[in-house]
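Before I ask anything, let me first share the structure, which is written out below as structure tokens.
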Amino acid sequence: MKVVTTLVVGILLSACTAYTTIRGLRPWAPKVLDMCFHHPDQIRANFTNVSTTLDSLVCFYVKYHQQALHDIIGAPLKRINMMTFATVYVLMALEGSRKGFKSSTLLISFPVLGLLANLIGMPIVFLIIWVPLYFHYWESPKKMDLSITMPQVYGILLGILLGYVLPSALISSPYIANNSMLEGDLLCIWQVLPILIVPLFGHIERLFAKMGSSVDGVEQADLKKRLTDVQGKDACERTYLLLGVLNMLVWYGSYLMVAHQGIHLKDSLLLLLNAPGQLPAGLNFTELGQLLGARTILVECIAFIVSFVLWATFQSGLLVGLLVAVATPLMGPGAALAFYSYYREGQIPL
């Protein structure tokens with residue numbers, strides 16, 4: 001029942017998110033698409049040298065992300081969403097790597113889902129695809145082995161921190177000049193990072209496995225298996241706590257950055273939400289793109305919040321879902337998801 005319910009709710013929410021995003025970009029996107037596909041002399045449209053069509057699509061994606069990154073409100077919102085994306089990706093990867101899931105379920109396809117999410121939006125992929133799949137396998141009458149090893153957990157965590165979070169921090173930092181060739185190249189690579197960094201997980205996992213642990217000295221097979229499972233569970237909990245702290249740092253750091261610049265946050269957010277119906281007078285095309293780009297990032301952030309609240313509600317009940325909703329403005333969507341995942345991990349039987 002949860003599978004069907006989450007799928008229907010996910011489709012409705014995703015349709016609303018897509019409609020709001022497309023409507024918001026309508027005054028800006030058609031002209032940029034036209035330049036990328038038909039006037040490469042007016043805009044950089046050469047990224048991969050694989051095909052003209054692919055380069056034109058990459059051109060639009062790069063230009064789209066640049067708009068938000070160059071906006072005074074869009075840039076901090078983008079950083080928040082990047083860290084939230086990383087948290088969701090860690091969740092997907094950990095669930096897909098559980099012993100009972102990684103050999104016979106579609107949850108192991110998290111690299112493909114991560115790539116797709118970076119193209120069409122993580123809230124859409126999370127709620128339409130991942131959550132229904134998650135409930136389908138978790139509610140299966142077949143008993144699954146839910147264990148995961150400590151090296152697997154830390155391989156995934158460090159792989160995503162090093163392979164996705166650090167490049168994202170670099171791209172959104174002031175050290176990369178706006179509209180530079182380097183910025184365009186980094187954004188082009190960043191689009192496919194979720195699938196490029198997957199081999200890194202295995203390399204880091206093997207490093208942790210070689211380091212060994214106190215469990216390695218246990219000779220009794222049943223006890224060793226039990227201790228290994230406990231160790232993996234503890235690693236998952238530590239991972240979610242760390243991600244919660246990192247998300248809170250990004251959340252409050254972004255707020256302080258905006259406040260330090262003397263920006264009235266409430267008025268700025270209302271301006272974004274009212275666009276494109278109500279736009280400030282005298283905007284040039286570049287300023288219009290930045291404002292609408294920031295608006296789409298805000299819409300994605302709201303979609304993240306709704307998605308996480310719904311998942312927590314379906315998984316743990318209405319009260320827990322309400323607690324996630326209340327906690328989100330205090331710590332950010334990524335931290336709310338991470339701390340809920342920590343709570344949920346404690347409820348999973350070994």
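Keep in mind that glycine also has a Cβ here, set from the backbone N, Cα and C atoms.
Below, the features straight out of TrEMBL:
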- 106-133: transmembrane segment (TRANSMEM)
- 153-172: transmembrane segment (TRANSMEM)
- 184-204: transmembrane segment (TRANSMEM)
- 240-258: transmembrane segment (TRANSMEM)
- 297-314: transmembrane segment (TRANSMEM)
- 320-343: transmembrane segment (TRANSMEM)
Would the transmembrane segment (297-314) and the transmembrane segment (184-204) count as touching if the test is at least 3 Cβ pairs under 8 Å, pairs 6 or more apart?
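They are not in contact.
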What same-chain residues lie close to the transmembrane segment (106-133): Cβ under 8 Å, and 6 or more beyond its ends?
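Cβ under 8 Å, 6 or more out: 3, 6-7, 9-11, 13-14, 17-18, 21, 61, 84-85, 88-89, 92-93, 95-98, 190-195, 198, 300, 303-304, 306-307, 310-311, 314.
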